[in-house]
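Working notes, structure below.
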Amino acid sequence: MSDDEEVLVKKSKQIHYGSLEEQEKARLAALAAAAKEGVEDTNGKELGDIQISNEYMELEEEMSKDKKALLEEFERRRKARQLNVSTDDDEVRRSLRQLGEPVCLFGEGPAERRVRLRDLLSYLGEDAIHKKLEEEEARIERDRGREGTWYHEGPPQLREARLWIARYSLPRAKLRLMRAREDLKLAGSVRAAARQESQRRASAASIYCSQIGDTRPISFCRFSGDSQMLITSSWSGLVKVWSVPECRLLQTLRGHTCNVSGAVFRPGATLPPHFREKISQADDRMEGEKAELENGGMETEGGGEGASEECTMASCAYDGSVHLWNFSSENPLASLQGHSPSRVARVEFHPSGRFLATTVFDHSWRLWDLETTTEVLHQEGHAKPVYSIAFQGDGSLAVTGGMDAFGRVWDLRTGRCVMFLEGHLGPVLGADWSPAGHRLATAAADHQAKIWDLRKRAPIYTIPAHTHLVSEVRYQRSHGHYLLTSSYDCSARLWSDPAWHPLRTLSGHDNKVMSADISMDNKYIATCSHDRTFKLWAPDLA
């Protein structure tokens, strides 16, 4: 071996026995002392960046919080197992929707959806769905009251009109309630017998008279208060007054220049003496000289002796014109300006006869004081044109139906909308009040008629009345024992109250029935049609 060769020395392993705890404690103490004095450690490293904290975490407190959360989770799971959740998947979906949760998650089946609903209810509470429903109903009511009604500023005369209506309606309401109490004192069998007799007569109705009323479709018809006259309006622009039941032309009213949409008698209007004389003269001519029977001889071309000069009729037309008439002249007594160019669909007298309501296609309806021929109320509230209107018998309430498929009940004494009629699927084309005062009926383009109860503030029955739109609905005038509906399916129908069974179908028109009415004495039913005729129907009890 030469001297240049390197000799590798193998080091022997050294094993140390004993604890290093004392050395570690000494090292940590030295580090703490050095940090406190701000000196450098043995390796020359500065210790100023070492974070020293005197805060201590209470392990027992943290452990108690974790334990409490764990116990709460166990309690929640126990409650979840005890919750009764429907096994109907549709009901589970509805419940999830009401809670504002997704109805279905990706890859989720009915069983998983039911488990998810149970877990949600265990967090929110078992009555969470009921609370959500109550909150939603309260919100809808609040929004409906805030956003669904508009009030138009009225003139100073409006307050006087409301006070007058209140003074007029309250005694009539008291009298109506007294009569209702007297009826309740009668035996149930007596009331049922009277109802059955009225319905029996209605079910026996047949054609009594058919008359060609004009050269164009007849749009509207109404009986007078004494049931001895019938007024019809036509698309020719003419309004005609006919005798009942002879169906003789008594008067032709000329003043409109386009389609007339409605015409009504004023409450209390009765057959004037000069009309009676003309009817008796016509009867004498029929007995003496049949060859001289001509309709022209019956037409009133001028004033008659004894004719009243006060307003007895009103009519409206498509051009927005509203005319007032009397029995002494064929020319308008007065005109109510302010509707043009909007179409006026219907006119209706207040039961007192002092006020006249008009429904306008500018989404409003109006109330006029006929003593001063001024507009005292311009009421908005419908989202589309207002088509129909009817006054309660007391005169305190009015119902309007609009092309927006909704109806509204208005308190004329306060101006408030006291009930919102929601349920039709088409324009509300007709409305009428029951003589009892707390029920009303509406007719709509969805082929149905609905019965509403003001005490329940809800519909109580839906009559699938016709196969086409329902153009008119009318209650029996005296007791409301039956209901009349007319339709564009060329028929009118009678329905029993309160069972709403069909009593009779009045078929005879060749085209759609535009309007219908029941006489005040319940003897006759009138229908008018697009086929230019009107018909009288009476019970055939022979």
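Even glycines carry a Cβ here, placed using N, Cα and C.
As recorded in TrEMBL, the features of this protein are as follows:
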type: COMPBIAS; residues: 282-293; note: compositional bias 'Basic and acidic residues'
type: DOMAIN; residues: 87-139; note: domain 'Pre-mRNA processing factor 4 (PRP4)-like'
type: REGION; residues: 282-308; note: region 'Disordered'
type: REPEAT; residues: 344-378; note: repeat 'WD'
type: REPEAT; residues: 379-420; note: repeat 'WD'
type: REPEAT; residues: 421-462; note: repeat 'WD'
type: REPEAT; residues: 463-496; note: repeat 'WD'
type: REPEAT; residues: 506-537; note: repeat 'WD'
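Residues 144, 148-152, 154, 162, 165-166, 168-170, 172-173, 176, 343, 345-346, 348-352, 357, 359-367, 426-433, 435, 437, 440, 442, 444, 446, 452, 454, 457 of the same chain lie 6+ residues outside the repeat 'WD' (379-420) yet bring a C-beta within less than 8 angstroms of a C-beta in it. Mapped onto DSSP classes, the repeat 'WD' (421-462) shows 0 helix, 24 strand, 18 coil. Across the repeat 'WD' (421-462), the model assigns an average pLDDT of 94.
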